[in-house]
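Since the structure comes first, as structure tokens, the remarks are kept for the end.
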Amino acid sequence: MPDADPRLDPGRWAAASFRPRGAPSAPAPRPRRGFWRRLGGCCGCCGCCRRGNEDWEPPPGEVPGRRPPQPIRPGGFRDFGAILGVPGVVSPRGFHRPPPAGLLAPRGLVVGSAANRVAHHTAEFACPHLVVRRGQPFDLRVLLPRPFDPEDDSLCVELTLGPNPQVAKGTHVLIPLGETSATGWTAEEEDPGEGAEPPGGPSLRLRVTAPPDAPIGRYRLSVKTRTGVGEYAAPFEDANDVIVLFNPWCPDDNVYMEKTSDLNEYVLNETGRIFYGTEDQIAERSWNYGQFDAGVLEACLYILDRRGMPHSARGDPVMVSRVVSAMVNSLDDNGVLVGNWTGDYAQGTNPSAWAGSVDILRAYHRGGAPVRFGQCWVFAGVMTTVLRCLGLPTRTVTNYNSAHDTDVSLTTDIYFDENMRPMERLNTDSVWNFHVVDATPQETSSGLFCCGPCSVTAVKNGEVFLKYDTPFVFAEVNSDKVYWQRQPNGAFSVVHVEEGAIGRRISTLGAGSGARIDITHQYKHPEGSEEERRAVSTATSHGSRPRTRGTPSTGEVTVTVGAGPAVAGAELELRVVARNQGAEPRTLRLRLALAPVRYTGVSGPPFRQEQHRRACAPGETVTMTVGYAEYGPHVGDQDALKLSVAGAVEETGQVVAKELRLLAPAVVGQEVPVQVVFQNPLPRALTGAVLRMEGAGLSCPQAVNVGWGHGDNGGGGTLRLRQPVVPLRPGRRRLVAAMESTQLGPVHGTLQFDAAPDPTGSTGNAGSAAEPPPRTRRGRRRRARPAGTTGG
């Protein structure tokens, strides 16, 4: 059935008088619509004129009519009546002309009160917008032209998240006053008796609460009002935007943390320490997380946007942490950091030179390109900053002797040839030190280079069938080290199994103590216990080779390795101690190989090899002494030395094997306020030295090329360098300094001091988002009171 002619609609044409028109002597000119077409093309609020140009022309003899208003588009009119329950009523949004008389048109919104920031533990954020946490109310003040009358007036709070907000997905929120929205948001009027009416005329004080599972992000905020005359929707203003974060203080939030000390350390602390080295030589470096510094919060939200994470999914902390894990490394999606383990950093910054996350995140947000370069502790530090900034309690964890299982066998396999020489081309399962949850690109997970989050309890119990990446993490902390030897026929057989070698002294910074704590018991049961063996058995049964798990080696002869104190530039003393626990004398053949090894576990060719044949008496000791001139050229930034010991007992054929990793340590210089004192421990000159300083709430020089005119560059020379540091926020501040050079590995130090408040009362944070913030006095330096020096 053909459509009816709209010109026959009596409701539209009832008022028109139809009369025949005479034949025209000349063609009638078409209406001049060029002006309206040009106006509609450049003016969003007149977008309705665009479709008006497409209206059909009445035939000769009829009076031209006018169409009803067009459907709403951005910048035009919106049907707020349908939203508020009164169909057919439209109100302007974005118009700056005075509203019709009788409408309740808000004069503005006040959302950035200091009380909101303090209550939500966001006062430290150097952000111009109000930052709140979900599951907790925040105050909103609506400035009105007249007092609000609950009998005749209605009000609705509107929030939108993302470019395409939808009510069904929780990204378009409409909260009628005194009610609960479909997505769980509430808006209630505060009791006027709770405080005196603030100056500035009539206003309405509201208390808005986001549900504990609301998506995080930057929300646009506005209000709508309805009176007997009609509805009015206040325009969206950038100054009124509200940033919602996770809330670990809320018991109903999935990220809830009960202990106040843990919250202060793992959410609010802006500085920390990252542990590295080996299990026998644990070293630490200070790191400036700076999650509250200017530009960091914007960079963290940009990371989620850059990955294209749906706004509706941003309420799930599991998915958010997984996206962050993938985005902190540059593989797959041009994330924050480019990993580099080659030792050539000419095209970027040496990973050891970074002192914190702030400069990295600002550079990524500013340019949109991955920052060069990073290694495992840099990935971990940046990821900790991002997650703490978004409200997820996070701590950086270092796992010593952490295994990298490349074939999902859930064991760490080491291969030797017939003469017990390591076969490095087959030793792809490396033992190294890195951090969990890990953003370091090692293996793909669901097609992306990310790791976790996985349940620590699942790792402890060997439940590797649970999400996410539990098999990989289990192998890192609790796999057995299995030694294989090639036989004359070319086949490999298990000759030695070492339990308890993987996952040692798992370390993190203790809450409030400032000291390292061992949390190995949280990731694995005691070594050798029935529970631990059961967990390993459960895990390996789900591995790629469930029936090749070796049996722990036993024998009369045991071998241990150790080293004396290691100081850069000094001799190293390595010891191999063999103990004969039997009654019969034994003869032991040993092969010792010393090689450089990256912290990723990749070994270089050995530069020192020895063979020994000893009668194995109880406590027999073999000593290897290596001078700096011999090992110095083979170690660099973050390098270590690996002593591989392999051999056999001639009488019984028992195979013994052991490995020792020895850190080539850095020497930390002494620090005083704005003065760095460094002494060269090497017997040769240092070149290419660069000093970087960073601190949360501090303005520091980002990079200083150290001219050795400040001191002697020879062996044992001392450098003294002064640099100005300006506190940006009052309170306890920690300055982190890092120095790198071509010859020496990373050197770090920290200085802690108190910054007094500015006499003007400014704290460095932005003021109200709706009303102009107070003018700040530029150029004033806050007074700093030294409170002690801490060596890093």
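The backbone N, Cα and C atoms fix where each Cβ goes, and this holds for glycine too.
Whatever TrEMBL says is automated annotation, not expert-curated.
Checking the ranges 1-32, 129-160, 321-352, 481-512 against TrEMBL, the region 'Disordered' annotation falls on 1-32. Of all ranges given (62-85, 182-205), TrEMBL attaches the label region 'Disordered' to 182-205. Taking every protein chain shown into account, GLU527, GLU532 are the binding-site residues, and of these the Cβ with the most other Cβ atoms within 10 Å belongs to GLU532. Per-residue confidence over the domain 'Transglutaminase-like' (368-441) averages 72 (mean pLDDT, predicted model). Distances between the Cα of CYS376 (active site) and those of the binding-site residues ASN478, GLU527, GLU532 are shortest for ASN478. Sequence-distant contacts of ASN478 (Ca(2+) binding site), defined by Cβ-Cβ distance under 8 angstroms and a gap of at least six in the same chain, are VAL459, GLY462, ILE502, GLY503, TYR523, LYS524, GLU532, ALA535, VAL536, ALA539. According to DSSP, GLU527 (Ca(2+) binding site) sits in a coil region rather than a helix or strand. When other Cβ atoms within 10 Å of the Cβ of CYS376 (active site) are tallied across all protein chains shown, the result is 25.
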